[in-house]
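First the structure, in the form of structure tokens, and then the observations on it.
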Amino acid sequence: MADIPVRESVMTQGAVLFIFGATGDLARRKLFPAIYSLYREGKLAEDFAVIGVARRPRTEEEFRNDLYASIQEFSRYKAENDQEWQVFADHFEYKSLDINNVEGFHELRRQTESIENKFNIQGNRLFYLALAPELFGSVSKSLKEGGMLDGKGWNRLVIEKPFGYDLESAQELNVEIREVFAEEEIYRIDHYLGKEMVQNIEVIRFANAFFEPLWNNKHIANVQITLSETVGVEERGGYYDHSGALRDMGQNHMLQMLTMIAMEPPSRLLPEDIRDEKVKVLRSLRPFESTEDVKTNVVRGQYTEGSYRGQQLPGYREEDKVDPQSNTETYFASRVFVDNFRWAGVPFYIRTGKRLPVKTTEIVVEFKSMPTNVYLGQKHKLEPNLLVIRVNPMEGIYIKINAKKPGSESDIEPLAMDFCQSCMVGINSPEAYERLLMDAIEGDSTYFTRWDEVATAWGFVDRIAKAWQQTPDTLETYAAGSWGPEGAHKLLEQDGFKWWPVSGQDEDNVIWRVGGPQ
Ligand code: BG6
């Protein structure tokens with residue numbers, strides 16, 4: 001029998017977690033495994049319970065079997081001990097529910113009260129809506145009308161992106177939710193904010209004397225944020241064709257990472273102070289004023305047929321549930337400016353795409369070059385210093401500096417200091433959802449997006465989307481498995497820069513860098 005890890009004493013507040021959409025993909029792949037990991041690490045108190053809610057009928061037994069399968073397939077920990085598994089699974093119940101039927105919510109309330117009694121839970125309720133956003137409003141309303149919010153403890157609503165399709169629809173959605181929940185009770189998930197290395201940005205920046213003083217337009221030449229994926233649209237063609245890369249990744253994950261890189265240090269380490277600083281960055285983004293402006297600074301592309309590691313790949317328009325005439329972008333890259341004193345004149349280049357050669361998320365900070373007319377710069381071609389924050393799937397930090405070539409008289413060559421956190425034995429970084437679920441239970445909203453962040457990001461992105469509507473001919477193509485449309489490379493060349501290579505790690509932990517100058 002495998003050892004059961006000793007439980008730490010870090011306990012969250014007791015609560016009932018309601019997972020709406022309990023038979024869906026998000027619950028299966030992310031939420032159940034995250035709950036199990038928290039449990040195994042002793043971070044969930046014994047006084048917790050989960051009620052899975054979905055339309056489909058399921059017996060308790062079927063539901064727990066699904067739960068077991070999801071954990072064995074996707075969790076960082078596997079259930080190896082029968083006895084422990086039974087204790088854990090006993091915390092789970094299921095409720096089949098039509099979200100517009102208030103009577104069903106009254107039944108849910110009775111079920112909740114009984115499970116609260118069973119585990120001695122003091123009325124704290126967390127409602128996680130792993131559902132299509134169109135349903136957020138109705139579920140919130142039914143929760144209220146069904147008496148689900150009348151418990152003795154706190155109520156919190158956790159919702160997933162996409163939060164609207166544009167500013168207007170996001171506002172409508174927000175109004176519906178706010179009729180029931182206060183802003184402080186709403187936890188909007190951007191799962192990138194739960195990633196270990198995204199959270200590490202603050203620490204790298206503000207806890208190191210050799211970064212913070214240089215973190216400005218006097219010393220930084222540009223910042224590059226790449227979020228590349230090898231997958232196509234898989235079975236999500238219906239959603240994606242309506243959304244596209246800009247809305248799917250740009251409005252949220254990419255702008256959120258940009259805010260973490262660009263924000264000022266908060267005056268206090270409190271969620272609202274941190275989020276205030278992030279929203280200031282979003283407000284400082286230079287808006288695109290015209291279609292011409294968008295054309296100059298934003299590139300969009302769609303993948304066509306291609307190949308990857310010898311495998312033939314279909315074009316986007318041939319994908320399931322995608323309009324064969326679709327003009328939806330599967331790639332976009334943009335030059336963005338943060339117009340404030342710290343960043344005036346520094347381009348931030350952001351790019352994301354499906355069907356690129358590597359799955360990676362990386363942030364490259366390129367420092368300004370040393371003067372070429374003084375001392376070593378006169379004789380040598382000195383490479384710029386780089387700080388690379390590797391977010392995903394490899395986690396780590398890479399720093400490139402110039403040093404004397406060993407054994408040579410005076411040759412200088414770039415040298416890499418490479419710290420790979422994910423290669424270290426014994427380091428098993430928590431999944432983003434573990435951290436975020438735990439924060440929501442603890443009431444820490446730091447790594448959730450506040451309404452003004454969401455709205456400001458939409459305002460910025462809407463201008464791009466509108467310009468694209470008027471200029472369908474700006475859509476470029478790129479072969480699946482390639483590094484994206486030509487225009488994305490020209491964007492940097494115009495400024496005298498290049499996309500730096502991105503890195504990855506193979507099965508033997510060998511690190512490589514591809515896709516541009518080394
Ligand atoms: C999601 C997008 O938010 O993020 C997906 O909807 C994308 O299209 C995914 O594949 C990427 O997340 P990660 O954590 O795998 O980089």
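A Cβ is built for glycine as well, from the same backbone N, Cα and C atoms used for every other residue.
Residues HIS191, LYS195, ASP248, LYS354, LYS359 are given by TrEMBL as substrate binders; from GLU172, GLU212, GLU229, GLU264, that same site also lists GLU229. The recorded positions shown are HIS191, GLU229, HIS253, LYS354, LYS359; of these, the one with its CA atom nearest the CA of ALA27 (NADP(+) binding site) is HIS191. Each of the binding-site residues HIS191, LYS195, LYS359 was scored by the other Cβ atoms within 10 Å of its Cβ; the lowest score goes to LYS359. The two recorded residues THR23 (NADP(+) binding site) and HIS191 (substrate binding site) have their Cα atoms spaced 20 Å from each other.
Of all the binding-site residues in the record (ASP25, ARG55, ILE99), the one with the smallest CA separation from ASP248 (substrate binding site) is ASP25.
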